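Worksheet: the structure to be examined is printed underneath.
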Amino acid sequence: MVKKIGVLTSGGDAPGMNAAIRGVVRAALSAGLDVFGIEDGYLGLYENRMKKLDRYSVSDMINRGGTFLGSARFPEFRDPEVRKVALKNMHERGIDGLVVIGGDGSYAGADLLTKEGGIHCVGLPGTIDNDVAGTDYTIGFFTALETVVEAIDRLRDTSSSHQRISIVEVMGRYCGDLTLAAAIAGGCEFIAIPEVEFKRDDLVAEIKAGIAKGKKHAIVAITEKLDDIDSLAKYIEKETGRETRGTVLGHIQRGGAPVAYDRILASRMGSYAVDLLLQDHDYKKGGFCVGVQNEKMVHELISVCIAPENKKSKFKEDWYDTAKKLF
């Protein structure tokens, strides 16, 4: 059984990460474990920037956005020699367990620490993209969804006033879950996501069909990287004759106080991660990751969830069908 654990946040920040850290710390202390907070993710692990945490270290954190431990992208961690330094830093402090909060890249780093150094690692899915396998939802997704929907509501006000077409670019990388959910909740007329082949002419045809039905304005929700928003706006305006403007929401989607569901999810996952570390699991095959499925906490080997065939969360086809019916 582990006696000392570390906790870090890695990759892009997500609302609810602080709540997850709090869940880990409070649950670990209740079990009599020592807890070290590692600053700036794997970079801090490599640079030996760790501090012992107590109950008061995480007071008033459940409602705060971002991550008070800090986060950083550290591609150098792929180097085995860099990982050896990180492992040495943990071994010298007697840390034998680690909770990593982040996406699939963060999971991969945790799995290597388990396989190469015997550290019992558990990953928690912290990303607004909802693109991690093994879980229905990730920490931060629902808060980002609220942010996007609020922006869509505001854009609808001005779009309807000017009978304009508005394009909203939503984060998500190669996963359209955030765009899809926001399109349904925001009543968007059109949607473009990575899971469905995107063609400009098809989108224009749909918009023209809407105009023919009497639509005076429209909101198009599109996942980042599918197209250049400014160029797409000009193309739509040229083809339809309707004024069209693009809005990139950007990093505002990552900020803000986490909504209640994210706080609950993060707290449950943090506590469950400690339970896993206290149980007599076999870590010879690698670390584990935590998820929520049908509102129940579950876990799986990290290697299974980051395998190429499982790396991305499943496409919510029923959500897409619903969205299309409501356009």
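Here the Cβ of each residue, glycine as well, is placed from N, Cα and C on the backbone.
Now, the feature entries from Swiss-Prot:
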ACT_SITE  ASP129  active site, proton acceptor
BINDING   GLY12, ARG73, PHE74, GLY103, ASP104, GLY105, SER106  ATP binding site
BINDING   22-26, 55-60, ARG156, 187-189, LYS213, 215-217  ADP binding site
BINDING   ASP104  Mg(2+) binding site
BINDING   THR127, ILE128, ASP129, ARG164, MET171, GLY172, ARG173, GLU224, ARG245, HIS251, ILE252, GLN253, ARG254  substrate binding site
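Feature annotations (Swiss-Prot) mapped to structure.
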residue	record	DSSP (3 states)
GLY12	ATP binding site	coil
VAL25	ADP binding site	helix
ARG73	ATP binding site	coil
GLY105	ATP binding site	helix
ASP129	active site, proton acceptor	coil
MET171	substrate binding site	coil
GLY187	ADP binding site	coil
LYS213	ADP binding site	coil
ARG245	substrate binding site	strand
- What does DSSP call TYR56 (ADP binding site) in the simple three-state scheme? helix
- Message: For ASP129 (active site, proton acceptor), which of the listed binding-site residues (GLY103, GLY105, SER106, HIS217, ARG245) have their CA atom within 10 A of its CA?
- Response: GLY103
- Query: Taking every protein chain shown into account, which of the binding-site residues SER59, SER106 has the largest tally of Cβ atoms within 10 Å of its Cβ?
  - Reply: SER106
- Message: Just to verify: the residue among GLY12, GLY103, GLY105, GLY187 with the fewest other Cβ atoms within 10 Å, which of the binding-site residues is it?
- Response: GLY187
- Query: Within 10 Å of the Cβ of PHE74 (ATP binding site), how many other Cβ atoms can be counted across all chains shown?
  - Reply: 21
- Query: Restricting the comparison to the binding-site residues PHE74, ASP104, SER106, MET171, ARG254, which residue's C-alpha is spatially nearest the C-alpha of HIS217 (ADP binding site)?
  - Reply: MET171
- Who sits close to ARG245 (substrate binding site): which same-chain residues at least 6 apart have their Cβ under 8 Å from its Cβ? ARG164, ILE165, SER166, ILE167, ALA233
- For the recorded ATP site formed by GLY12, ARG73, PHE74, GLY103, ASP104, GLY105, SER106, which further same-chain residues have Cβ atoms within 8 Å of the site's Cβ center? SER10, GLY11, GLY41, GLY102, GLY109
- Between the recorded positions ASP104, ASP129, where is the Cβ count within 10 Å the lowest? ASP104
- Message: Highest Cβ count within 10 Å among the binding-site residues ARG73, ARG173, ARG254: which residue is it?
- Response: ARG254
- Message: Taking the Cβ of each of the binding-site residues and counting other Cβ atoms inside 10 Å, which one has the highest number: LYS213, HIS217?
- Response: HIS217
- Task: Provide the number of Cβ atoms within 10 Å of the Cβ of VAL25 (ADP binding site), excluding the reference atom itself.
- Result: 26
